[in-house]
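What TrEMBL says about this one:
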{"type": "ACT_SITE", "residues": "CYS196", "note": "active site, acyl-thioester intermediate"}
{"type": "BINDING", "residues": "ARG87, GLY88, GLY89, GLN90, TRP91, THR92, TYR93, HIS94, ALA165, LEU166, GLY167, GLY178, ILE179, ALA180", "note": "substrate binding site"}
{"type": "DOMAIN", "residues": "48-234", "note": "domain 'BPL/LPL catalytic'"}
{"type": "SITE", "residues": "LYS162", "note": "site 'Lowers pKa of active site Cys'"}
Amino acid sequence: MHSPASSALPQPFPSSCSPLLWERSDGVVSYPDALSHMEERVAAIRCQAAPELVWLTAHAPLYTAGTSARPEDLFNPHGYPTYRAGRGGQWTYHGPGQRVGYVMLDLTKPHGEVPARDVRAFVKGLENWIIRTLARLEVKTFLREGRVGVWCHDPRTGQEAKIAALGVRLSRWVSWHGIALNISPDLQDFSGIVPCGLRDYGVTSLERFHPGISMAETDAALQASWPEIFGYAPAPEPTGLQPSKD
């Protein structure tokens, strides 16, 4: 794997209405590059040398292990790369057709309805952000006690299924990692793990509700819903770290 060329590094874009920046990467970005980008930005936010950031991206097929991941919950029949993510939670799949949202905020400050230094409220805010986003796309979702993530009734099976996962990490009160929303991934790839340690429930995608829905439509809904929870107005159209050539 090669590091991204300097010309591919994220370029911040101005926002006259918010101290928060948004970036978006087209295509897929390698997971090690994503971790490096987050680590650098989190350090800069902590030193007040860079604005807070929401980064929308995607990855090639891979599995990440949270701090509670159990080895027996990984099957990986395709031999996809696996990584220790350092975030909370268990095993998660990332791949094309899934929108990953990495959220880097200084939680020593309040953000909309999320008070300062309240990790539980921050996680609840991320959940509500997903719920509001999918409501804009006319998909009813909900939370379930004891089950991490955002859930819905799969339109094909009628069963409860997970449509979005989340896992966060804090570094001196600056958040990183974030959410993973299934838009049109290959759902068979989730069979390589026990997603989030939940054996009795399946996964689903936005495409099952709206065939042909685009990543751009979903990104627009994510941006429009953000200020309803976190209080910042949406930033201009984001651009970010572009795919590296391995």
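Keep in mind that glycine also has a Cβ here, set from the backbone N, Cα and C atoms.
Overlay of TrEMBL feature records on the structure.
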residue	record	Cβ neighbours (10 Å)
ARG87	substrate binding site	20
GLY89	substrate binding site	23
TRP91	substrate binding site	26
TYR93	substrate binding site	25
LYS162	site 'Lowers pKa of active site Cys'	24
ALA165	substrate binding site	26
GLY167	substrate binding site	24
ILE179	substrate binding site	24
Rounded Cα separation (Å) that holds between TRP91 (substrate binding site) and LYS162 (site 'Lowers pKa of active site Cys'): 14
Taking residues ARG87, GLY88, GLY89, GLN90, TRP91, THR92, TYR93, HIS94, ALA165, LEU166, GLY167, GLY178, ILE179, ALA180, which bind substrate in the record, the widest Cα spacing (Å, whole number): 16
